[in-house]
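Structure in structure tokens, see below.
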Amino acid sequence: MEKPVPVGKVENAVVNGSDPCQDQEIDSCPPQTGYRHSIWRSVLFYALVVVPAGLGLLLAYWFPAVWLRLTAYRCPLGSASRVIVKDLDGNKCVEVVKTAILPGHTHQPIRIGHTCVGLKEVWSGGVVRYLIHRHLRYLYQPSVGKFVLLRGLDDGHTSSALHGMRGGLSLEQHSKRACLYGENSIDVPVKPYHVLLVEEVLHPFYVFQLVSVVFWIVEQYYYYAGAVFLISCVSVIISLLQTRRHLQQIHDIAFSSTTVSVVREGREMSGVSSSSLVPGDVLVVPPSGLLLPCDAALLTGQAIVNEAMLTGESVPVTKTPLPPSSLHYLPSSSSHKRHTLFCGTQVVQTRFYGNERVLAAVVGTGFSTAKGGMVRSILFPRKLSVRFYVDAMKFVLLLSILAGCGFIYTLAINFYFKFQVKDTILRAFDVITIAVPPALPAALTVGIVYALARLRKNNIFCISPQRVTLAGKVKLVCFDKTGTLTEDSLDLLGVQPVVAGSFTSGLCSARDLPQCPLLYAMATTHSIATINGKLTGDPIDLKMFQGTGWVLREPPPGSFDTLTPTIACPPKGGGGEILGSEVELAQLRMFTFSSDLQRMSVIVRVAPTSDPKQLHVFCKGAPETICQLCRPNSVPGDFPEVLGSLTQQGYRVLAVAHRPLHMAWHKAERVKREVVECDLRLAGLVVMQNRLKSQTTPVMSSLSHAGIRNVMITGQPYHVGQISVSGKFLFFSGVWI
């Protein structure tokens, strides 16, 4: 683990270190070999390859790594002009080494890997050497003698160090980082038609087809040669148009540019192009929202973000400020995702302190962002080891062996009987063109394009057309439960309060509850926000809050010295009074839901109150988890039986607990989660009902009748998922992960 970065060393750039992008399958230091151009080797190579009808040039195009070894000599990476990089799949790519001149002084410190060295030790004369592999920059590091992945502030920096950068970068620091990181853009190059045509025609299969057509024409097989040539041309054109269309679509989706406000040299600068952002910049998020052009760690205020582009979930999530600590900041970790604004997501609304701004530190730009990782996964999909492909290659290899044997046998027989050389060569190559069907790739391409057209009519889009051939081999389909097999939202069936240590008999409506901790918890344990006059948030939170009949009120920004709280209160004339006044529940602090902890909690002030330090903690989550946090004497003895009875009927059950908290509000802003989520008292159970979608049963039935096994993936206990889904259609396989 790297040491914390000193606050104020904003010239720091992070290379290598731990691997927060492991989910994107990035190799921070891939195997690499350096080569330098050799004039005499190049002259000799091109002189020899031109002789056999340019076949050597074709082989050099197919195998660039072999071409580089033949035309250049091996050398240390520090002096190499080209580098062979081996990716995670074992493929070898030839990358060109580039240089950039760093402006300003060269003695400023820069953090590389686990050390902090002077730029004069890294750049000779202020020149940096780097290469770009799969749209990521790799910086040459002399201490290890390799090109190492250049990272932003998403690795090796502590949360406290990020908070120390609120003043922003100086202009000199920004210019250095701009030279180091390049533009903040996800620009997918769209190749022109003539380049795509050359790449498609020079594919080995099409070259083999062209050679076969030439031999057939010589042998006067005009109709057959013409038919194959026509099919190949149509196949090439269709594939060309399809590839160009996909590249253009990816480019349009990935590329975006806007103007933002940033803090530089301690003052706010507006109208700054998003393409000039670099790691270390401090972004000012406006109250009206922003389409994020980078990955950023939220430093102050709260933000409501629509992450549908990343997760597919249309429900906005609430992002809270990153707490200062000595822990290393890793945006991909579950504990820091809730504090990170990801590139491509839409900030819908912000909440902020009275006179302060919502600030976020830029931690990643360009293809090093979450959105950039998604685009790279589309452009460079991982190699799949599929038995279908392995068997297909074995089949082609077997045909090639048979063709080779037939080729040798034909040559031997024709020479033995002293046939003419022309006839001998033609007959021998006839065997090869017949054994390996030259029209096979064209037929496969036409079939794939036709399949894609059929899928597109049903609004099904494929980012990797080669995977279409595997569709007929599918034997297992996994489905998410909530939102896929079932409706996106759950319906509130009822509540079962705990009174004097015992459950009440049967379920009751939340609107019939008196003023009690269970009602208060349902009104406050949520991350709901009002956007454009409409309640928005998690579907479960919405149903639970709407079931109380209460209203949500958000005071205008600036009316509080602290973070503007969300206030829940009963409707006017709806009852609910304390000390002769209408009750108001102010949500002072929220501990967001964690899948690891299986719960969320809030610190609430119940107004009016005679004691300003009297706060309350309300917590909801999985019943098994909440029960372990409660006092034993507050949990009814029949808790397992009541819970089991509800879950066996297919209901989703949440447990709610509470406790008083005697603490000033400013201390509550800094108190740790484990301090408040203990010694709770069980308030009751909230019972939700999740209905199946109307199309779930026929789809599952069709798959089952086709012999395809269906698996449901759910985070709920086994018996809950079993009853709520498979209990309603018997053809489900009954496997849960």
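Backbone N, Cα and C atoms are what each Cβ position is placed from, and that goes for glycine too.
Quick caveat, the model's predicted, so the values are computed rather than measured.
From TrEMBL, here are the annotated features:
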- 33-99: domain 'P5B-type ATPase N-terminal' (DOMAIN)
- 256-378: domain 'P-type ATPase A' (DOMAIN)
- 43-63: transmembrane segment (TRANSMEM)
- 221-241: transmembrane segment (TRANSMEM)
- 395-417: transmembrane segment (TRANSMEM)
- 429-453: transmembrane segment (TRANSMEM)
Per DSSP, how many helix, strand and coil residues does the domain 'P5B-type ATPase N-terminal' (33-99) have?
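Counting residues by DSSP class gives 30 helix, 21 strand, 16 coil.
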Tally of helix, strand and coil residues over the domain 'P-type ATPase A' (256-378) according to DSSP?
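For that range the per-state counts are 23 helix, 47 strand, 53 coil.
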Within the domain 'P-type ATPase A' (256-378) only, compute the mean pLDDT.
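Overall, the domain 'P-type ATPase A' (256-378) comes to a mean pLDDT of 84.
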